[in-house]
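Listed in TrEMBL:
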type: TRANSMEM; residues: 20-39; note: transmembrane segment
type: TRANSMEM; residues: 77-98; note: transmembrane segment
type: TRANSMEM; residues: 110-129; note: transmembrane segment
type: TRANSMEM; residues: 171-189; note: transmembrane segment
type: TRANSMEM; residues: 195-217; note: transmembrane segment
type: TRANSMEM; residues: 229-247; note: transmembrane segment
type: TRANSMEM; residues: 259-280; note: transmembrane segment
type: TRANSMEM; residues: 292-311; note: transmembrane segment
type: TRANSMEM; residues: 323-343; note: transmembrane segment
type: TRANSMEM; residues: 350-368; note: transmembrane segment
type: REGION; residues: 376-414; note: region 'Disordered'
type: COMPBIAS; residues: 389-400; note: compositional bias 'Low complexity'
type: COMPBIAS; residues: 405-414; note: compositional bias 'Polar residues'
Amino acid sequence: MRCLGSLMKILKAKDTNSQLFFFQLLILLGVHAFMSLALREMEGPVEERLCGKMKIGCGLHRYNLRDVFTWSLLKTILMGQVLSLLICGTAVSCEYLTRAKVETPMLQSFLNYGLLLFTYTTHLSTRTGDRNILQILKTNWWKYLGMAIADVEANYAVVKAYQFTTLTSIQLLDCFVIPVLMLLSWFFLKTRYRVVHFVAVAVCLLGVGAMVGADILAGRDQGSTSDVLLGDGLVLLSAVLYAISNMCQEHTVKNLSRVEFLGMMGLFGTLISGVQLVVLETRAIGEIKWDVHISMLFVVYTLCMYALYSFMPIVVKMTSATAVNLSLLTADLFSLFCGLFLFMYKFSALYIISFVVITVGFIMFNAVPTYSALPEEPAEASDDPMAQSSSDHLLLSADSDTQRTETLTANDTP
């Protein structure tokens, strides 16, 4: 009771240093507890030892760092952080546009989808064989239309939420995409997770809590509170839509091809965002005072978003959509680090702790592979030389053997 009373005094105190110390202590204790649970999960009986194939009910018999910190894992971490840096680039450019009184989220989305249309859809239209663009539209147009609707509206909903709720609420509720994505993957992709994966997700979310705590202590809980319930609902809606889009992306790039996914996303995304642009933002676009500065901000945003959409399917194919979303949790931290120099944000040690904790959780998630309840089947596009672009082959050739041994099916179990 004395300890509880002391903690309550710290929380109620106006001393920022005391509150910072409390948050750091809480984060460290939480990580220690989750790591202990994960290590116990990774310890199994001798007969369940990892011998070429990993049994469903176990983790690693011996927690050897050389077995965990492989080149494949390091490359996955680096690629995930590249994605976070690209999101950081879009966030910084959006911040400058907002300060210039330019709020046109649909225009920004339209430019990105238009660039995808110009490159990937054009490339897809030159493909011959069973997976040519006419055959795809004839058989699966409604699937890609639904996927594009989910993606476009997810982007719009989360941007719109800033008008009604706070930054803290958005940062916390946006993490809802991870459990929703895991649930969708479980039922539709038949992905199966071990206890260590759920522990890893909890560790990553603990890191997000440290970041949000730093924002609160720094007094940076920005955003409108005109209708918090509506704003929070928009964030949750965007999380669900992002999860649907990411699940569809994982299925497409692992069973068909990256070019097909991006080509269809560019085609339908341009149509949907174009219609919404005309309906919602015609007046806002007319009020923009165009100059070199504003134009360059739009260019930077579009290029960063285009690179994100182009690069993300490669990382998803190497890992999973859930793993990619865990790595993207550091994007807000990169934005905060940029804000230290560009927007004069106040530094907090909790930012470093948050980055480390999220990275630890990401490593834990990828240290033990997931498995599928479905028998392994060859991809539909494997016989089509145009199914994968040269960049896919270049980045994924080194991981082909690793993925073959790490993809576990229910048929592997005794």
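Just so you know, glycine gets a Cβ as well, placed from its N, Cα and C.
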For the transmembrane segment (323-343) and the transmembrane segment (259-280), does the number of C-beta pairs under 8 Å, pairs 6 or more apart in sequence, reach 3 or more?
no
For the transmembrane segment (292-311): best-contacting stretch of 110-129, 259-280, 350-368, by Cβ pairs under 8 Å
110-129
Which one, 77-98, 171-189, 259-280, 350-368, has the most C-beta pairs under 8 Å toward the transmembrane segment (229-247)?
171-189
Are the transmembrane segment (77-98) and the transmembrane segment (195-217) close, by which I mean at least 3 Cβ pairs under 8 Å that are 6+ residues apart in sequence?
no
Could you tell me what the rest of the chain brings near the transmembrane segment (259-280), counting residues at least six beyond its ends with Cβ under 8 Å?
106-107, 109-110, 112-121, 123-125, 127, 131, 133, 136, 144-145, 147-149, 151-152, 156, 249, 252-253, 309-310, 313, 381, 386-389
Please identify the stretch among 110-129, 195-217, 350-368 with the greatest number of Cβ pairs below 8 Å relative to the transmembrane segment (171-189).
195-217
Same chain, outside the transmembrane segment (110-129) by at least 6, Cβ under 8 Å from its Cβ: which residues?
136, 152, 259-260, 262-267, 269-270, 273-274, 277, 298, 301-302, 305-306, 309-310, 384, 386, 389
